[in-house]
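Peer 1: Sharing the feature lines straight out of Swiss-Prot:
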- 130-143: compositional bias 'Basic residues' (COMPBIAS)
- 130-155: region 'Disordered' (REGION)
Amino acid sequence: MSTNNTQDDAAEEEDDDLQYFVRIGTTDLDGTKAVERSLTDMKGIGKRTARIITDVASVDRHATFGLLEEDEIDSITDAVENLDDHIPGWMTNRREDFFSGDTDHKTGADLEEKRRHDVNRMKMIDSYKGVRHKRGQKVRGQRTKSTGRTEGTIGVNVEAIKEEAAEAAEEEE
């Protein structure tokens, strides 16, 4: 019975130390998941990139994110912010930026902003992809004849027919 109590006490202490949300950059990450898994919730970071980040930060990737010490979280934050220094150029998501020519790895809101800026630039210069974006059509050569139809189907609405028949029957009476 006493071993059960010590296990319960240890579990309660872990719950007290657990941070349910860990903030990295502008993103709140789940503190109840493993470090590697939680990092993949951030835009611009996948499984492979998360593994590299944990290796660079010297943190156990299977550890619960919310139970890490402040210095470990700071090392992960530094690894995310300086990720382009630790990965090869072909692995970054901003290779040879159009304006600056730099190779960089963007994450979170910065990545969304850059993508939106790129799409707007394509629309402004009326490139083929920009025109497709303007029209709301598929951009990467997918078929459009039969797939991707967002409009509702033009079929028979049985309920509407029944309602019209009921209204017509009431009018006749």
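Cβ from N, Cα, C; glycine included.
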Peer 1: Other than its close neighbours in sequence, what residues sit by the region 'Disordered' (130-155), given a CB gap under 8 Å and a spacing of at least six beyond its ends?
Peer 2: 119, 121-124
Peer 1: Mind tallying the region 'Disordered' (130-155) by DSSP state, helix then strand then coil?
Peer 2: 6 helix, 0 strand, 20 coil
